[in-house]
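**Q** Below you'll find the structure I mean.
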Amino acid sequence: MREIVHIQAGQCGNQIGAKFWEVISDEHGIDPSGNYVGDSDLQLERISVYYNEASSHKYVPRAILVDLEPGTMDSVRSGAFGHLFRPDNFIFGQSGAGNNWAKGHYTEGAELVDSVLDVVRKECENCDCLQGFQLTHSLGGGTGSGMGTLLISKVREEYPDRIMNTFSVVPSPKVSDTVVEPYNATLSIHQLVENTDETYCIDNEALYDICFRTLKLATPTYGDLNHLVSATMSGVTTSLRFPGQLNADLRKLAVNMVPFPRLHFFMPGFAPLTARGSQQYRALTVPELTQQMFDAKNMMAACDPRHGRYLTVATVFRGRMSMKEVDEQMLAIQSKNSSYFVEWIPNNVKVAVCDIPPRGLKMSSTFIGNSTAIQELFKRISEQFTAMFRRKAFLHWYTGEGMDEMEFTEAESNMNDLVSEYQQYQDATAEEEGEMYEDDDEESEAQGPK
């Protein structure tokens, strides 16, 4: 079966990772000690994608937990599903990265990385036919961003033909832990552009707004934010974990979603978003789900899709519903809002339907959009980065770990290039294709709309 190896790095990565395993274990009928207690064959049909069946008929997650300090991992271990994980797969240092990307990427993280790769190798040898890796991490701290991107490039070196997929939590000034987040995020994005195949941008700012505006929570906690993340991650991975009509594996998803290799940053969304207690009073209809799912307020990245255009979209509907109705609704959305979909990729919206809804809901839908509006997120980080970098504020923490200012300049310009690439395809139309070749220089010709 096509297995996926899951890696979680740093405090944020371990917290959303642990929540992800709680949610999907529940969906697959696996109790905290790894025994199957479910009631449907569908739960077991593709269980081997994320779980390894041990000799004692216990199911063990194909998960590797990494951090540069023991704190978060201790709380995962003592949490509800802490005994599910393989004890050898907890790998941690003692020193911490101190929210410093350079420590995670070059000094502290580099010392720990070989022992992580040993465990990665062992997990991959347990697989019949590995399809790829998924990493959960944040871009604002030191370990998830610095060591996370180091792991990506090391794993990529060793498994160059496997898909690399990340769930990356992007920092926001509204929910800020550290003042150097823009530095860490820019240095990380510089790596993600080159080394991953698919990156889901999960934006704390958007999560906060959802909790505050839609769920009416006065003081959202990280627990509330992670609850949204785990719902989204569960939805995004549905077609990998359950048999469905559009049977996606990571590679098929990439083929459908990524028109140009650098533009692989997705905006996830989820519906229904209702406060936790108020769901049961009325069932949602397919039109309502479709409407909600395309709404800017439901996006997990703080970008307004109406400010850009969709290159590609994938959606997953869960629950018992009519395929015909789903197709009709999706077509209706596209024809009503045709200006928001680029016309030079026909049929750029793909729909999967899975019969098993998430716990507590009759139906739900998950949205994955590759929209040019994601440039707003990169612009936001870039502006904050430039404000500090112009004054060389806090740079000594990074140069002290052996980094060079040059690396910052490169990361900054790579991110700005990414923004202008998104802009280029936002403006591109099917007609002007011929003209673009004549007046552009060779470089953009190589990347121009084919």
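One-based numbering along the chain as shown.
Cβ coordinates are placed from backbone N, Cα and C, and glycine is handled just like the others.
As the structure is a computational prediction, the values presented were derived from the model and not from experiment.
Relevant sequence annotations retrieved from Swiss-Prot are reproduced here:
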- 1-4: motif 'MREI motif' (MOTIF)
- GLN11, GLU69, SER138, GLY142, THR143, GLY144, ASN204, ASN226: GTP binding site (BINDING)
- GLU69: Mg(2+) binding site (BINDING)
- SER172: phosphoserine (MOD_RES)
- 422-450: region 'Disordered' (REGION)
- 429-450: compositional bias 'Acidic residues' (COMPBIAS)
- GLU438: 5-glutamyl polyglutamate (MOD_RES)
- SER444: phosphoserine (MOD_RES)
**Q** Out of THR143, ASN226, which has the highest number of nearby Cβ atoms, where nearby means within 10 Å of its Cβ, if these are the binding-site residues?
**A** THR143
**Q** How many other Cβ atoms are found within 10 Å of the Cβ atom of ASN204 (GTP binding site), counting all protein chains shown?
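**A** Summing over all protein chains shown, ASN204 (GTP binding site) has 25 other Cβ atoms within 10 Å.
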**Q** Sorted by position, what residues of the same chain at least six away from GLN11 (GTP binding site) have a C-beta under 8 A from it?
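**A** Looking at Cβ-Cβ distances below 8 Å from GLN11 (GTP binding site), excluding near sequence neighbours, one finds ASP67, GLY71, THR72, SER138, GLY141, THR143, GLY144.
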**Q** Counting only other Cβ atoms and using a 10 Å cut-off, which of the binding-site residues GLY142, GLY144 scores lowest?
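**A** Candidates: the binding-site residues GLY142, GLY144. Fewest Cβ atoms within 10 Å: GLY142.
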**Q** What whole-number Å value do you get for the CA-CA distance of ASN204 (GTP binding site) and SER172 (phosphoserine)?
**A** 6
**Q** In Å, how large is the greatest distance between any two Cα atoms among GLN11, GLU69, SER138, GLY142, THR143, GLY144, ASN204, ASN226, the listed binders of GTP?
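**A** Value for the max Cα separation, rounded to a whole number: 23 Å.
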**Q** Determine, to the nearest whole angstrom, how far the Cα atom of GLU69 (GTP binding site) is from the Cα atom of SER172 (phosphoserine).
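**A** Checking the Cα atoms of GLU69 (GTP binding site) and SER172 (phosphoserine) gives a distance of 24 Å.
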**Q** Using C-alpha atoms only, work out the spacing between SER172 (phosphoserine) and ASN226 (GTP binding site) and round it to an integer in Å.
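**A** Pair distance, Cα basis, whole Å: 15 Å.
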**Q** Around the Cβ of GLU69 (GTP binding site), how many other Cβ atoms lie within 10 Å? Please give the count over every shown protein chain.
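**A** I count 19 other Cβ atoms within 10 Å of it.
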**Q** Just name the winner among SER138, SER172 (the recorded positions) by count of other CB atoms within 10 A of its CB.
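**A** By the 10 Å Cβ neighbour count, SER138 comes out on top.
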**Q** Mind looking up the mean pLDDT for the motif 'MREI motif' (1-4) in the predicted model?
**A** 85
**Q** Sort SER172 (phosphoserine) into helix, strand or coil using the DSSP assignment.
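**A** Its secondary structure by DSSP: coil.
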